[in-house]
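J.: Annotations per TrEMBL:
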DOMAIN    6-110  domain 'Epoxide hydrolase N-terminal'
REGION    22-41  region 'Disordered'
ACT_SITE  Tyr320  active site, proton donor
TRANSMEM  424-442  transmembrane segment
Amino acid sequence: MSVGVERFEVPFREEDMEEVRQKLAQARPAPASPSPDWKAGTPTHVLQDAIKYWKESYDWKAAVEKLNTFDHFTCPVDDLRIHFIHQKTTAKERTPLLLIHGWPGSVFEFHKLIPLLTADKDGHGFDVIAPSLPGYGWSEAPKQEGMDTYAIANVFDKLMKKLGYEHYVVQGGDWGGIIARALGRHHAKSCVGLHVNFLACVPPPVRGPVSLWHNVRHWAPLVLAPLVMSKEDSAMVATTRTFFREGTGYQFIQATRPDTLAQGLNDSPVGLLSWLLEKFYAWSDSSAAEPFRSVSLDEVLTHVMIYWTTQSIGSSMHLYYESLAVMRSKPLALSGGYIDVPTAAACFPKEIIQTPESVARRTYNLQQYTKFEAGGHFAALEQPEVLASDVRRFFGGRSTFSKLQQRASALGNASPRTLAPPDWVDMMCLVLVVALVLWFVLSWV
């Protein structure tokens with residue numbers, strides 16, 4: 001075992017559940033809204049039913065026991081103690097896989113996925129390392145500002161190396177997908193392959209001609225989507241626009257005043273449940289008639305209990321404050337240059353941000369792009385078999401991992417490319433720029 005790595009067991013304390021029951025007994029849900037169910041947030045009647053189930057039927061002890069069927073550890077990385085699951089395969093050929101969750105998730109998102117990945121299938125399996133993000137669950141919260149997605153990528157790369165993995169592949173969704181991108185951009189010699197179910201395609205800040213061109217070639221086809229994209233791709237862009245217009249209120253709160261919101265959520269289990277429940281419903285492949293069709297109420301409550309018992313809701317929201325740069329005078333910590341690491345994308349129909357393949361190729365070295373018929377933002381919970389199969393299809397057996405290692409070694413210390421290889425978008429953008437310049441010149445003649 002590596003120096004500093006210690007075994008860990010998720011604690012169960014009966015007094016935690018007793019405290020929750022006492023607070024639930026004093027619950028005072030808001031009066032019902034005149035708005036249609038879920039249109040303005042969590043409906044009062046759904047919340048009341050969830051409170052009743054939480055108080056009378058939910059089994060936190062069973063959830064902890066399920067969590068403890070996995071091998072948990074903690075390890076010091078820089079000035080933080082990071083919690084992680086390290087589940088090894090029994091297969092002869094193994095590939096180390098860093099599995100990264102997001103918000104409002106936790107490592108519990110992977111309780112169905114991990115056994116599917118570690119299983120010996122035709123002599124191959126994955127050694128899964130699933131850390132809790134800093135400030136989430138049982139990972140220590142940062143002691144100072146600056147823990148954005150780039151910093152977390154640095155922490156996780158160091159963790160993998162402390163565990164003896166000089167090369168590894170990554171799978172992630174939500175913040176996990178964004179951190180995976182940071183690993184692929186800044187740690188390409190060790191992070192040799194990416195599989196994401198959340199594509200973060202954000203151009204870098206404009207700081208010169210190259211980054212300006214990157215922005216033009218990124219935004220032009222999105223703005224002109226109905227004219228230059230297929231009907232299916234245009235619909236994906238429209239879905240993303242709808243999310244940014246109607247679904248990002250939480251982002252601005254968490255990116256600007258997370259501490260204010262944390263005071264209420266950290267003290268009120270009902271408030272915490274309402275805040276998280278709406279996300280698990282809205283971002284999953286569920287319906288108003290069946291709000292827990294895709295992510296069960298038990299799974300939602302287990303996530304709520306993890307945040308509650310670790311008092312980590314405030315520190316978890318700080319990732320938005322650090323990375324979205326609304327309140328900070330630094331670049332958006334979602335952007336960056338081209339990701340040259342071989343990448344696979346798994347696209348689920350109810351994902352909140354949908355990225356057409358043509359757009360993704362201008363950010364990633366995309367080798368596999370698969371659309372599925374069901375599922376949403378929480379793919380590991382909603383469609384674990386489908387996701388596991390797609391991961392295996394991309395990373396294959398040991399020979400695939402060896403090829404990825406050889407590719408990374410061959411790159412040496414070469415600087416990663418800034419832009420994707422030229423394509424039709426470059427020609428279209430060039431024509432647009434020339435047309436605008438001509439129009440400007442002629443208008444002054």
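Note that Cβ sites are derived from N, Cα and C of the backbone, with glycine treated the same way.
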J.: Within the region 'Disordered' (22-41), how many residues are helix, strand or coil going by DSSP?
T.: 4 helix, 0 strand, 16 coil
J.: Using a Cβ-Cβ cut-off under 8 angstroms and a sequence gap of six or more, which residues of the chain neighbour Tyr320 (active site, proton donor)?
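T.: Non-local contacts for Tyr320 (active site, proton donor): Trp103, Gln251, Gln254, Ala255, Pro258.
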J.: Could you pull the average pLDDT for the domain 'Epoxide hydrolase N-terminal' (6-110)?
T.: 97
